[in-house]
Amino acid sequence: MTDGPLIVQSDKTLLLEVDHPRAGACRAAIAPFAELERAPEHVHTYRLTPLGLWNARAAGHDAEQVVDTLLEFSRYSVPHALLVDVAETMARYGRLQLVKDEEHGLVLRSLDPAVLEEVLRSRKSAPLLGTRIAPDAVLVHPSERGNLKQVLLKLGWPAEDLAGYVDGEAHAIDLAEDGWALRPYQSEAVDNFWNGGSGVVVLPCGAGKTLVGAAAMAKARATTLILVTNTVSARQWRDELLKRTSLTEDEIGEYSGARKEIRPVTIATYQVVTTKRKGVYPHLELFDARDWGLILYDEVHLLPAPIFRMTADLQARRRLGLTATLVREDGREGDVFSLIGPKRYDAPWKDIEAQGYIAPADCVEVRVTLPDAERLAYATAEDDEKYRLCSTSLSKSRVVEKLVAQHAGEPTLVIGQYIDQLDDLAARLDAPVIKGETTVKERQRLFDAFRHGEITTLVVSKVANFSIDLPEAKVAIQVSGSFGSRQEEAQRLGRVLRPKGDHGSARFYTVVSRDTKDQDYAAHRQRFLAEQGYAYRIVDADDIDGGVPDADGVLPG
């Protein structure tokens, strides 16, 4: 027995003692391969999963490193069977390889003939395979490249795709490094992606994912299709590319609800690409409109299901996914792995914070007690109404008013899910509100006013969760969300993580109704951030009148 912070159990769960002096080092060491499941105050539970281990393998970690990490931090002896299982699971990645054969074209090759035999006999994979040309090789039709990778992953034999990519139509793109340069982690992310061919780069919000995309484009020097979440995001990508690269306005097209421009660099929204008319996708032609050399997926954790199907046909093109979290609430992380590619780079948020590239954050959960009348209404409500009732309690509005007053003059975002609640808060705070029906032009006007300090408080619905660059937001107050969405929590914290001019820290408040579904969902949402090393302090709404001190005891204002 040693004094390690980790207990490794035979059911593949890892228990991390949060208050242990080496907990931070342990968390950083296990993050590349373990998945956080629960994060209460004192002991966090992680799990080893095949997908987590394969992602780690693809990102350059081997079984020996994983085993050494578990042995180094474990308090008790690690079950031998678990160590063997880790080694065997990681060895499954790459046992099958998709390669380009000069004579036969696309071929599935196996380093282990018995594995190939198993795959050939499987009812799921056999129809996707062609003629066996050698004891260790079988033909694959290029159109089945994506589907085959999905099926092989489900069979437990994730294929390493070494078949290469078409170069696409050449188009000169250079970074315009005029008074700025890529940060070291951005350069490393681009190199890892390029060497791997395709895959996902995971970086915190505010850490410059767009620049990683721009640098990848400069490396590819080819026509590029960029898929983004919404029109505002598309225009921000366009502005950033004009500022950071040699591209001109004529070379960048927007393919959205408003415009249908196809140019050497085309930025399209997920919504338009997945629009269906009479059972067909009329905008599918966009993927064949040019000989794209690179396809970029922004916020890859939000990729709609139809785009997975479209991406299965794009396996011969380089694909780069950008995201702050690989967590998908629909559980389709395996499809991201198979079709976009494995994780190529993942920077822990706290590491980038330590380098000064994102602001430190103080996360506070403010718990309110429902008044008797609301409590009774909640107790007697139908299950599907309960979350809305406790999320929109009037007690929350009073807490938000106090918090905004305490941070008067500081750029503050109030974020929520329910429009009537946000309209009420906007009226109470005398602040503008941005919601789904707000026009793109009006959104941009309000975002610009917020950036320039003309507005200090802005009330926003979930439309502001993604890709909205609000560099000056210093305080975020969350009143309601998409049930227990961890990805949403990460995005919302990201709104305030961009580095502050005064090197100060950001405040992230979550206002939660005590002893309700709201509290349960809040605990679930916080799991991802706990994995990144963010601790939530819990304060009572009755105790905030004099202000909520930060972790060092300093009051706001």
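In case you wondered, yes, glycine gets a Cβ from its N, Cα and C as well.
Checking the ranges 42-45, 62-65, 298-301 against Swiss-Prot, the motif 'DEAH box' annotation falls on 298-301. Residue counts for the region 'Required for protein stability or solubility' (1-135) under DSSP, helix first, then strand, then coil, are 53 helix, 38 strand, 44 coil. Its Cβ placed at the centre, Gly206 (ATP binding site) has 25 other Cβ atoms within 10 Å.
Look at Lys209 (ATP binding site): DSSP puts it in a helix. When secondary structure is read from DSSP and collapsed to three states, Leu203 (ATP binding site) falls in the coil class. Summarised as a single figure, the pLDDT of the domain 'Helicase ATP-binding' (190-344) averages 89.
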